[in-house]
Amino acid sequence: MSNNTDSISTQKVLQCVRFPPRGVSLGIFGKENNPWTYSVPTIQSQILLIYVVTQLFHTPLKRLGFPKITSEIFAGLILGSTLLGRYRSYQESLFPIASQGILGALSTFGYLLFLFLSGVKMDTSLTRKIGRRALVIGILNHLVPLIAGMITVFALSRSFFQEGAKTVSPSVEVITIAKTSFPVISFLLKDLGLLNSELGRLALSSALISDLFGLTITVISVLVVISATGTLARAVKDAILFIIFIIVVIFVFRPLMIWVAKRTPEGRPVKDLYILLIVLAVLLSGVFSDWAEQTVLVGPFIFGLAVPEGPPLGSTLVDKLDPFASGFLLPIFVSLMSLRTNLSAINPSSSFTFANIILMCVASISKILACLLPMLYCKMPLNDAAALSLIMSTRGVVDLATYSFLRDTKIINQETFAFMVIATLFTAVFVQIMVSWLYDPSRKYAGYQRRNLMNSNNKLPILFCIHNQDNTAAILRLLEKSNPTRDFPVVANVLHLIELRGRASSVFISHQVQTKAISDVSYSENVILAFQGYERNNYGAVTIQAFTAISPRNLMHEDICTLALDVLASIIILPFHRKWAVDGSVEVEDHSLRTLNCSVLERAPCSVGILVDRGQLRRSNSVRSSQNAYCVAMLFLGGNDDQEALTFAKRMAISGTVSLTVIRLMSKKEMSSNVDQVVNLDIVGDWKHSRSGWENVQYIERQVNETTETALLVRSLVDEYDLIITGRRNNVHCPLTAGLEEWSEIPELGVIGDMLASKDLKTRASVLVIQQQQIAI
């Protein structure tokens, strides 16, 4: 019986195990009626049972803010020796000893792949750009609890080594408690939606330093133990082998993988042969690290660090392997570790348990203070500093795996292992709930002054968002028609948004500061060159500032709003989630992009415009002006959003190169009863008089008595203009559009914008829907 396999039962039972184990049952043709005498049906039943129990817990607990690892641990405790494992018949039928070994090996393979992918997701280039705060936090976060824990062990040495606890190595336990795992921090920040927040970036950078620092201490500790228990020559030999392994990974395998990435054409998948060879190399690295007397898991993690993160290679490996490793095998691994946990082994009245509690409290408190005090010294707000300290002290699957390894090698006993599992469970729940309560990323917009087009001066700062190169032409066309001149300059802040794939940490790059950065910048190169070329052709009228943000789709709105806040943008221009083909049909409909636009509309610190681009469609013969003119219509119904849209239209018309028609829709009831319409009349009236002498501007008033007339009028305009500007008019109830809200398919465009962006319209007219900055959050 292997040391890596423990019986669920606390009793010592002698069992006979058949080797090789019988795999697949013969079904109705077999002599045995019990399918669980075969390994494959048994393992299938175990996996099914683990997932069912996990989901039964996770469904209600996730509503309370509990992380998923909580449900996985609960499932293992229930199915293991703590509860159901006490019954011998249950243990022998569903969780026999032989099947535990097979399931354990399978789940450990999944954990090995998880560590490899964690190394792939790590952006090691961040270590060259990490600031002083992250460096200090990362080192102190590991060093302070290590020192405090060692002092506590020395003070409580008698408590540790009495009552039969001679197998426990308290120094190793302290090293384990002091460790901070980058994958665990990354998982927590992803669950909390803080990956691309300022706090999240600082936590990831600090965790990267702390994890690498801890890995170095662990490797050195293993070599010291070998030299103490064996010979010095053996320790030197293992150190040389390990150094050779690192050199080969850095100077042989990494250049080969960079070569593979360069040979892969942009937008094409990496060849399956390369993926297969890399997976084989991962397994070989585990064998080599075991040969150097390190754990079999160290090699794959270091090998993962050598893989170029991001597309094409890193993202392909993550896309292909992560669902199987993290989604399927890793939950089984967590549940199996807690399944082998026996809580009855903990004796609450023993001095050994008391010593463990004291050690855990001292290490955890010192870990929190090691982050909290430096951040308070750096003038960070107390809530943010406390949240960061809690994030850096969290525990997860990597810690559980370390405890399991220490128990299997008999460095810690069953009681200590059970205590550490419970401590990990409590810490994971407490940290996630407390961080959610302490830190709110949207709080940065509270009290922010109103910034919109109406309050801007002649110099107009705009934030243009680009998702792919297809958006570039439409944005450049809108920028050109926005009247950038030396008297009315435009500061165009261009943000290229790239989905986070193949790495754990979000990246934000200012191309004014960093001319060369990570490999993903090559995907922004064409976008940057296009806007820089436009800047050269319009010197003095346009200033281009380019940025690249690599983050998850569900968190991109934080990058957009934060940058808009930093550059003092008056308006954000977002691309619409639909892309039209040349014949007018919808070619692509990106629902995640639509969700992103809605998130920006809810929390933007300035005005927002959504650009529905149909410029690639064939030009209609019924466009009312000559082909050299760019015809713009502005539909004015009243309200703040329409006033903002009118301000943008006025700016476009100043140069005289744009033919602008302002169409004001009115009803008799509105004019007589609504006070806001008096304000709207003054605004439009002042504009009518100030634009006297502008031959390129027309003002038309249309009286509309019912909603059907409004719909017919709007639809009649689509073939007359190249661009139609309108306000979103969110939550504004008007007789001219009463009842149309119920038929609205895209609420983020408003009633009028929804009609103009309808799939049924085969028109060339693009649409710009503008929402004025909402009241400060």
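Glycine residues also receive a Cβ, built from the backbone N, Cα and C atoms like all the rest.
Features reported for this protein in TrEMBL:
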type	residues	note
DOMAIN	52-437	domain 'Cation/H+ exchanger transmembrane'
TRANSMEM	69-87	transmembrane segment
TRANSMEM	93-114	transmembrane segment
TRANSMEM	134-156	transmembrane segment
TRANSMEM	168-189	transmembrane segment
TRANSMEM	201-227	transmembrane segment
TRANSMEM	239-261	transmembrane segment
TRANSMEM	273-292	transmembrane segment
TRANSMEM	351-375	transmembrane segment
TRANSMEM	418-439	transmembrane segment
DOMAIN	491-615	domain 'Cation/H(+) antiporter central'
DOMAIN	631-773	domain 'Cation/H(+) antiporter C-terminal'
Tertiary contacts of the transmembrane segment (418-439), as residues 6+ beyond its ends and Cβ separation under 8 Å: 64-67, 69-70, 73, 176, 188, 191-192, 194, 199, 337-338, 341-343, 345-346, 353, 356-357, 360, 364, 383-384, 386-387, 390-391, 393-396, 399-400, 403, 412
DSSP helix/strand/coil residue counts for the domain 'Cation/H(+) antiporter central' (491-615): 46 helix, 41 strand, 38 coil
Leading stretch by Cβ pairs under 8 Å, where the reference is the transmembrane segment (134-156) and the options are 69-87, 201-227, 239-261: 201-227
Long-range neighbours of the transmembrane segment (168-189), counting only residues six or more past its ends (CB under 8 A): 67, 114-115, 118, 121-122, 138, 141-143, 145-146, 149-150, 152-153, 157, 160-161, 195, 200, 203-204, 207-208, 210-211, 214, 217-218, 221, 359-360, 363-364, 367, 391-399, 402-403, 406, 411-413, 416, 420, 431-432, 435, 504-505
Best-contacting stretch, by C-beta pairs under 8 Å, relative to the transmembrane segment (273-292) and drawn from 69-87, 201-227, 239-261: 239-261
Integer mean pLDDT for the domain 'Cation/H(+) antiporter C-terminal' (631-773): 75
